[in-house]
Amino acid sequence: VRFFFFFLLLCSLVLQSDCTWGACYPPSNDLLLGRSRQLRTSSTCGLTGSEVYCTPYQLVGRRMKCCPCDSRNPDSQLAHTIQEVLSTTGPDRWWQSRKEVNPVTVELDLNNLFQLDNLVLSFKGPRPSTMIIEKTLDNGRTWEPALYLATDCERAFPGVPTSTPLTLEDKYCYTLPSTTVLQHNNANKTQLCHICSFLISRLSSALFASTLMSQSPKARRLKVNVSGMTGLRVRMTELGDVPRLPGRALSRFYALKEMRVMGSCMCHGHANRCLPETHNYPLSNSIQVNPQCDCQHNTAGMNCERCADLYNDLPWRPAEEGNTHTCQRCECNNHAQRCNFDPAVYEASGQRSGGVCEGCMHHTTGPKCDQCAPGYQPNPRSCICSTEGTLNGGQCDDSSGLCQCKANVEGPRCDRCKRGYYDLSESNPLGCTKCSCSADGSLSDVCDPVTGQCPCRPHFHGLTCEVCSEGYWKPFSSGRCEPCRCDPTRSYSDTCDQVTGQCRCRPGFGGRTCTECPKNTFGDPLIGCQPCLCDTEGTLPEVCDQQTGACLCRPGITGTRCDTCTRGRCDSFPACETCPSCFFSLDAQREKLSLALEALYPSIPSPGLPDLGKFGPRIRGLEDRLKVIQTSINLPPMTAEIPRELNIQIHNYDLSPLEKTPGLDSELDKLQSNMPTECLVYKIYSHDSSGEISIIKNAFDESTDAAKKVNASVDKVKESAANREETKDLENQVQPGNIRDLEKLNQSMASRPDLTPVAKQVCGSTRSKPCTPLQCDGTDLCPPAGTPACEKGTKCVGALPLSKTANADAKDVKDQLDKLNDKITDAVEKASFTSLSLTSRDELEDDLQEARDVVKELKDFLSDPSSNLTHIQDVSNWILKAKLPLNLATLKRKLDELKDLAAGLPDSTAVLEQAEPQLDKARKLLKEAQDAR
């Protein structure tokens, strides 16, 4: 919990970009980008030739794979130079050291002072067991450890504490998880890299955040002086453990897939962004973080490490939370452009002012340029009104000398804007413009009277505080900026869109914070995303639900795939335009007719019952009208006249008898039985009943006609029954044939197609029984994955086993060729040595022959009777004066060379033995000659 709290505290401080009320800091970015030439390492594989590395790739099956590394051409796919660790190099690229080289360093030279926020290392392969992260403040002349990491801190770094440090001066060692545990629990190498990345990032942030917790000024100054760096070095001092496979030797090396050095320019809390350098070097446009700070608070310098030239009235201090320590302007009465801070003047003034003006102009002098220089007198007093802020162009009142200010201007000289106004201008008739601070992002509606900068709330910036700071966004319905919360490993950066909050996701991830599947897919991105099975023309922008995959249809669209128009939409998909208003009135009438028919169906007699009288034609007429209405509703209306005419016909047609007389036959019989009685009563009470009788008679005639028409409908019902019987007969005739065809198809599927022969040819299946759709499901058709290839001496069947065997044979041939190449190299070296020995032998023989010639000449000279003693003495002196090497080591080396050459010469013993008699004879002759003289 403490680490997490420290991490959140550091993030909130680094992302603070408002310089108005306290310290501000530039946003963090990758210091490596654009500085690949300044990144180097002490070891890289394949620089002098191709090297082969063997690593495990399936711990459960205890298998390994071997890959070459050849970095002689940095652009090759087999090259693994240190420049491959940049986050922009793309997938399947990494740096790799030589095998069994220890220790190995990775060093980044920044050449300027930068602020380090965190370090992310993504390892590929075995992770180091011990590491030291170091930094330098003097461009690499001296290095100091910033963090120790080891699986066993007490063994690797004895004496270095493992408790959480309180200051950056304290040494600290963090205990890493055992590489053996990680290898057993994480067969996936990528997951191992992510674990290491999070660990170092969290430790770095916690280390620098711990100092910020101190409230003393000394601790804050320590943070400023120590947390900066001009270079970073990672020393990997112990290789990680690798699994032991029986009979196989796995390679041990260091490898980095990605390295990110997150930081910003070092500004001591006086800047919220970094400026590009004024002189651009090649490739400088790709540098993401420049060393020059955009200094505020009247500070200057590359790192805002001093006050500006005319703002040295107080000593320079780094900004703190809640106190900007803004440099104050020296009071030089507009007669100087520079001043310096004098500690003695500062102490004498009670620590209120220490600025001393330099280079007073306009014939002035004094610490504040407030005195005339010797030989000069003050000028007559003139109007000091500002021309921008007065109504009459800088003229003052002749008698009082007061200035007449514009509406939005104030001050004795009319030289400053009123509260809530800014930008004093001569062209503005009111003098100043009203501040337009954002109600959501600013602390008040009063802005800076010169620049118009509004005091922004935390996480807001801009002139009017209407824009969220980097790493934040403003929801539409919210009045404050909220963190982007982009996933650090699934997104390119922590910045997002200011309006939508959408983060820039890496490939394979989506959602606002890059924690979900990409658009048009659903599922868990760590397991695998599946595509949405939807018609995108009929879906919302989200396409489908990120969890279930259910399609999200647009209004007016329905269906599982969102590819069908809903009822009330008369156009075709995907337009699905809303039907005109007449559609809904016709649809309501259709529903009303359907309900009326449903109420009428029980009263229709079955064949053999009494007829329905005159209601049969009315019912058929209603059915025909209903069909017409349904047809007009189901299809898009071509014109407005047809629905209008049908609507008029429906309204003219009276349905009240159908609704009020459900039992027509019983009512008619009752009326006929009561008619004589009613006629008699009527005759009694009426003078003239001829009209009423005529009416009743007509009603009777109408009832009789209706009954006849109902009876006529019985024939239609009988015809329908006959058609139904005929249909059943046809069904009985066709159904047996269909059943027989299905039985034949089942029998055919039981015997063919037989996949067993094909499986033998493809994957070397050992199945002997037929495999048809009804006999097997195909799971045991081929050997399971991981089955060893064909053994030598056995017959190999199937394309897949043959390919595996061929691949293994190719690897064996490659190994044999490598061994043969080594033997050829040794033979060439031996041949070269033999040639050298032969050459040396020939040279020695020439020297011996030359020595023989000299001896012969010497003998001839000595035996020459004409030689005199003086001549002999001269020759002897010349020989004695010959200089030989006086160095003992040189003489020994020459002697060893002569011994080696002599050892390679043929045996001369036999020759000497043959010459021995002749030498004795020569000696005798020489003695006789000497005696004769």
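Backbone N, Cα and C define each Cβ position, glycine as well.
Bear in mind that TrEMBL entries carry predicted annotations, made automatically and left uncurated.
The disulfide bond recorded by TrEMBL for Cys544 joins it to Cys532 [selected from Cys529, Cys532]. Given the ranges 272-330, 390-448, 803-861, the record in TrEMBL names 803-861 as coiled coil. Candidates considered were Cys360, Cys383; the recorded disulfide partner of Cys369 in TrEMBL is Cys360. Checking Cys484, Cys505 against TrEMBL, the residue bonded to Cys496 by a disulphide is Cys484. Per TrEMBL, the cysteine from Cys534, Cys565 that shares a disulfide bond with Cys551 is Cys534. Looking at the candidates Cys456, Cys468, TrEMBL gives Cys456 as the cysteine bonded to Cys465 by a disulfide. Inclusion criterion for the disulfide-bonded residues Cys360, Cys405, Cys414, Cys484, Cys503: a C-alpha placed within 10 angstroms of the C-alpha of Cys447 (disulfide bond); this criterion is met by none of them. Comparing CA positions across the disulfide-bonded residues Cys369, Cys465, Cys484, Cys551, Cys553, the one lying closest to Cys514 (disulfide bond) turns out to be Cys484. For Cys437 (disulfide bond), the disulfide-bonded residues whose C-alpha atoms fall inside a 10 Å radius of its own C-alpha are Cys456, Cys465, out of Cys405, Cys456, Cys465, Cys484, Cys486. Cα spacing between Cys503 (disulfide bond) and Cys496 (disulfide bond): 4 Å, rounded to the nearest whole number. Under the DSSP three-state reduction, Cys456 (disulfide bond) is assigned to strand. Cys369 (disulfide bond) sits 24 Å from Cys414 (disulfide bond), taking the C-alpha atoms as the reference points. Listed in sequence order, the disulfide-bonded residues from Cys360, Cys456, Cys486, Cys534, Cys551, Cys553 having a Cα within 10 Å of the Cα of Cys496 (disulfide bond) are Cys486. Its Cβ taken as reference, Cys465 (disulfide bond) is surrounded by 23 other Cβ atoms within 10 Å in the chains shown.
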